[in-house]
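Features of the protein shown, as given by TrEMBL:
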ACT_SITE  407  active site, 4-aspartylphosphate intermediate
BINDING   407, 409, 834, 838  Mg(2+) binding site
BINDING   407, 408, 409, 514, 556, 579, 610, 690, 691, 692, 807, 813, 837, 838  ATP binding site
DOMAIN    44-97  domain 'P-type ATPase N-terminal'
DOMAIN    860-1107  domain 'P-type ATPase C-terminal'
TRANSMEM  70-88  transmembrane segment
TRANSMEM  288-311  transmembrane segment
TRANSMEM  342-361  transmembrane segment
TRANSMEM  974-996  transmembrane segment
TRANSMEM  1011-1030  transmembrane segment
TRANSMEM  1042-1063  transmembrane segment
């Protein structure tokens, strides 16, 4: 019996938690040892511990992949054409469409198979990872069952969700980093279940806990510990006992935990949003153009079929006089004949649909993605890694981004805190060497011991004690030669004046703020020495050690926005120390104390610092007894535990005395402000989605220049909803209408292309919303108009320069992205984050970007692209994205154009051959036109072209706007290319026909036949479309030269070779010596050269007559004018013809 459920049936969850009907709780037998004999056993069906992210298996790869590929219009169309050629007697061989189709399907299948193999490999690394299970010894991670007791060593990742039973640390705790889950790289402390057996082999216990749910910070359960002859001991279980899959064990040699959730039921798996197939806007444009060309194709086939029967109905045109058909023969199967004729014309003209374009696009995306990987500017020496491309299908989307959704902690900021200043009893203390007056408050120049008499010594000591006691920080003892780095908190000498043992001490905590505050107190003379067996020790100014008994920790949570500790000192006094956000502390202290400190807090928040207020309260024995009993009862509750604890917390944390406030700085990522400014200059709207509190996030937005000093902030948070004293929904509706009037109705229309710096005359708006209010907007009560709320909210946000969403749950982030993604105009969205809490929004956006942190790769694994630092986003979008889009847009338009040039003469030829479906070109030319003769030059162009130098693209962000909203694949450019193709097709056909009006084209008086006619047209065609691409190329490399001139040389060589040998496998050899014979005619040479020049004349005139325009032209002129003054000014004009893609140096050629 593997596991058992007591009195309940548990339904297995599949997928990501699904909507299966579930019971409220599950019961797990620790180590699969049954409890008391009276218990009933029902075998459960818990899912196994496998993680599956791959798409195919060996067995289903072929059918599934083929099904997906034939869902593409072009592939399905060519399959039908191929079958028609096989079944019906058509003018061309089935090979002409079958070979290109087979090539396309094979190359795409290999690419997708390789990508899925990489996913399988990543899954196997996780699933086959060896783990030690107490009952079975060493086995693979995927074989862990619910109820197994698992051993995890230091620096290992937890293989499933575990309840901590035993730790190697003396204080029964362990330290964990959850960087891969929530982006926080700091140590969190978890506790063992009290009173468990030291010998886990003999432990008899059951765990009753809630069913799997995605909230990372919630867990409710009870553990029943059975001992012979005694009633079972009941212990409460909470998030502090639960170790999550994906988290890593730190600073603890080993732990033992019992598996409660496995595989796809773990909290990490439940927080995944299933990967959907992302399609780029370019692919949608291709499908639209394809339908147009399909209509052209059907029209041609209908016209030719109709004209054929009209022509044949005339006397003497149908059959020769000596072989006339009777009327009965003519009327038999007439409709079937018409249909087969229609199909034959479809086959003859089907090359207008460029099936090979798909394989070229696939190759362009796949090979083009390597340029991102190879870019040396993306290499980060700190982590010794560069950029990573997980999905090559979206390269061009990087050039079309309209909305950027970014996480804050770890993405915009480094999550590295530093204590800046504090305020005690209204007086400010700053770590500076000079003395000055600021806002009328005293600013000291040294440690607190040298304070002026204004702030009492007692208050100062109390404040520093509060900083040393009110936290969950742990002390790490390092070896004498060891300098460790603990997730952003460097463990080294902490203060120059400390004794040697203290220099070897470092701090680890669940929040970097807490470490910063403890270090701040140390700078001012109070040192936290550590926590042992519920005893906290601190050293004061006099170098005396003070000892406090830790009675209770009232943990921080986002609703209360504060945390407290209850301690007892040597003299028996019970004290409560509390720290938290100003909005949370001020209502719980005396009003006269608030006024002295409020000004400091507000100014610090405006300066971009994280602020916390500190308060305390002395508890009488009666008050403590009531609080102690309430806390113990609430912690044992299985239902509504959080609510019951909250009630007790709120009862205790009242009538406190405010001591002071602190200011801590969270440093921005390198070049974060410049990157955000460049993105806004490029016309992108930046939204910050964070789980952090509003004040902190707001200060980060100011520091990143997303909010300017003149920006008017429109706030839609719980605080503003409760200001009016009315129902929340009424107030929400009123505020939405008010903000809509202000930001949308009364705002002047924004001119296209106007950047922020040029439009300062207009009032700029920033929008702030929190998670609770967003829930009201997205899911209002049944009587409210939900779509009305969403529309108002969206319109306001779209008219703001930046939007800040704070206190967001991971799935709320995805909701916001989805809302914008599906709004009017379907804007292209990009999400960037570094933690598993960002995975949902990364998967939801059109383009997902993960940032490679020091730890935690969930975001990276689920992203489309990964970069080491935020600053790299600028080049990824403004340079790579811009160039990828321009290249692929040109590729798509060029493919349609060259196929129109190719098939239009074939269509015109039918008017001169009695609509007999006679091909104009030889079968070898039909097959090889797209595969060999014209494919390589456009592939090289689409990989290497730089119409504007990278330096100019980076320096001038507004260039990004020129290609916004799919500018190069709209109907205007498409029409231009189509008209050009029609003009050249007509010129090819009628130009050669004019040549053939002279019957004797050779010296010996012999005339050319129909295959010579087609070959001359085809020669002009191949040279024209290839040279057209050469004219469009702005950035020449040896590869471009090789493929363009090499393709033309190959065509000439192939034509001589194909027509110069008698091939035994051909039933008829139409081109035998045709090409060589054709080139013996001077007239043919003249017409070929003349037609090529006439065809390219419009392009040559455009190049010569068109003046350079736009910002990049101005930049070029500026560069040229100052070329003699400095080297750097010459760099940006050099690359167009002379440098390779990766050449970023300042060397001047």
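Every residue gets a Cβ built from N, Cα and C, even glycine.
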Residue distribution over DSSP helix, strand and coil in the domain 'P-type ATPase N-terminal' (44-97): 27 helix, 0 strand, 27 coil
Distance [Cα-Cα, Å, rounded] between residue 834 (Mg(2+) binding site) and the residue listed as 'active site, 4-aspartylphosphate intermediate': 8
Long-range neighbours of the transmembrane segment (1011-1030), counting only residues six or more past its ends (CB under 8 A): 894, 897-898, 901-902, 905, 909, 919-922, 925, 929, 933-934, 937-938, 941, 984, 988-989, 991-993, 995-996, 1044, 1047-1048, 1051, 1055, 1070-1071, 1074-1075, 1077-1078, 1084, 1087-1088, 1091-1092, 1095-1096, 1099
Residue from 556, 610, 691, 807, 837 whose C-alpha is spatially nearest that of residue 409 (Mg(2+) binding site), among the binding-site residues: 691
Folded-back contacts onto the transmembrane segment (974-996), same chain, C-beta under 8 angstroms, at least six residues removed: 289, 292, 893-894, 896-898, 900-905, 908-909, 912, 1008, 1013, 1016-1017, 1020-1021, 1024, 1083-1084, 1087, 1090-1091, 1094-1095, 1098
Averaged pLDDT score, the domain 'P-type ATPase C-terminal' (860-1107): 85
Candidates 409, 837: member of the binding-site residues with the richest Cβ shell (10 Å): 837
Cβ neighbour count within 10 Å of residue 807 (ATP binding site): 22
Inter-residue Cα distance where the pair is residue 691 (ATP binding site) and residue 838 (Mg(2+) binding site), in Å: 10
Among 407, 556, which are recorded positions, the residue with the most C-beta atoms within 10 angstroms of its C-beta: 407
Pairwise CA distance, residue 691 (ATP binding site) versus residue 407 (active site, 4-aspartylphosphate intermediate), rounded so that it is a whole Å: 8
The residue listed as 'active site, 4-aspartylphosphate intermediate': nearby binding-site residues from 556, 610, 807, Cα cut-off 10 Å: none
For residue 610 (ATP binding site): intrachain residues, at least 6 apart, with Cβ closer than 8 Å: 417, 513, 663, 664, 665, 666, 695, 696, 699
